[in-house]
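Annotated features, as they stand in TrEMBL:
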COMPBIAS  519-550  compositional bias 'Basic and acidic residues'
DOMAIN    29-104  domain 'Ig-like'
DOMAIN    123-220  domain 'Ig-like'
DOMAIN    226-308  domain 'Ig-like'
DOMAIN    393-474  domain 'Ig-like'
REGION    513-550  region 'Disordered'
SIGNAL    1-20  signal peptide
TRANSMEM  486-508  transmembrane segment
Amino acid sequence: MHFSSCLCALLVALVYQVSGMDTVIGLYGETVEVPCNNGAPKPKDLFMTKWKYDDGDLLTQLKDQDASVIATDKYKDRVSMAENSSLLIAAATLKDEKTFTCMVVAGADISEYPVKLLIHKAPTGVEITTLATELEIGKPTQLGQCSTSDANPAASITWFKNKKPLVADGKGIIISSNVKVDEVTGLTTTSSTLQYSAEKGDTKALFTCGALNTLSSPVSFTVTYPTERISLHVISKGPLMEGDNVTLKCKADGNPPPTSFNFHILGKVVKVENSDSYTVTNVTRESTGEYKCSIIDNAKMEDSKNITINYLNISLSPSGKIIKSFGEGLALTLQTHASGELKVSWTKDNGKLDSSPKFDKLTYSDSGKYEVVVTMGALIKKASFELVVEGVPVIRRVAKRRGEDGQHKVLTCEAEGSPKPTVAWNVNGTSADESPYVNGKITHKLTIVPTVNLTVVCTVSNELGQDTRTINVSTYSSDEGDTTKLVVGVIVGLLLATVAVGLAYWLYVKKSKQGSWKTGEKEEGSTEESKKLEEKIEEKLEENSQKVEV
């Protein structure tokens, strides 16, 4: 009686408190932690902690002691208590979705903290089955069925086209879903069926379905639709030229496309089966015109193209290798036949000419390879000829000069002709030097040391003829003798000139005096004139004397 009174007094003294309910989500098959008092620190005056649920107690723990398992049912071997008083449940299943309560006795207070446990499981996989063989434009077709299994809660499936979600509209997109629950595990399997009306752009579209963060493998479908338009294409690498082969290709926008066509070739119909192409071979300028293609079972569905066959022909006269004589004329003719505007350019030996060449009177510099290039857009035609101007060699100049040492003589023979002339001298020499043969011209130099006076002959020759020219060459001593003779001649000439002047003066004076005697005039004026004349003679004599000294 006394013990009962004390226990009642204790119960009366305790203050009973129940907190609001929390919710915890655990993962299926994993160990779930259910916190006590939302994980708050243990009170300092803690006496006891106990976990329980609707069907009974699970375990208890007194202060400073280990937890004791009280449960005798399915939780006997699956529950334990963590250091922070949280309830640990191993191998969680859907049957663990219950409300667990943590009761804490501290001092004179008893507090309870109920926690609702939910168990979630992600679906094991997502796949599309029951695929349609093909889709037809505008016709609702069951595209496929997407399913995912072993989930809790039931998975929600979303359909995607090219990674964009499809939203049911009740017309072109109809989505229906179904959920089944496994009687043993309680897990769900969700299936979703997509009914879809295809469009032309869906030919290469990728369809997928997904649940949570899991997507199925993408699938695509053949989309069929009738031909609405065809187009004719001309297959060519460049402008069409005479002699080319022209391939016509007829393309239709239907799927599958037609396999047979009619090609209209300048009014003639050609039926082609199991192909969409036809080749016109060896076209000419007369092949220019309108070409068409059409579907065999619908002649009204056609397309056409105007085709122009370009042509560019040139004729150059003369051509090949032309040999002409120096001084002759050469008539040059270029004829062109083309379907468009032309550009003409000339080159000589790969160098560009400013204008077309003209040959009224040929010279050796006119020799060379000439090429004409005629262009019309991307079309190019070329023609060429090689001109060779020939002539008997002619010596234009023969010259001599004294070498720098005063002993040698350098002889020069300049000539022109074609083919290249050969230069020969009738004397031997040293340091023979020949200039490059350019434009029919050649210069040959020969250095000699003459010991006697010579008449040197330069001869130039080729297969057409020859030419010669002579030049007199004297020795060095002869040159000095010639110089002495020249000086003596000059002196003698000057002396004779002086004598002549003196004789003239004497005759003039004599004549002047006779005139004075006859007229009886005074000789004063004559004397003055005589003095002036004498001064002039003296100046002349002095000048001649200086020249003689030189």
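Each position is counted from 1, following the chain as shown.
Positions of Cβ are set from backbone N, Cα and C atoms, glycine also.
Unlike curated entries, TrEMBL annotations are predicted automatically.
When the domain 'Ig-like' (393-474) is classified with DSSP, helix, strand and coil residues number 0 helix, 56 strand, 26 coil.
Residue counts of the domain 'Ig-like' (226-308) by helix, strand and coil are 3 helix, 48 strand, 32 coil (DSSP-based).
Counted with DSSP, the domain 'Ig-like' (123-220) comes out as 5 helix, 54 strand, 39 coil. Look at the domain 'Ig-like' (29-104): DSSP puts its residues at 6 helix, 32 strand, 38 coil. Model confidence over the domain 'Ig-like' (226-308) stands at 91, taken as the mean pLDDT rounded to a whole number.
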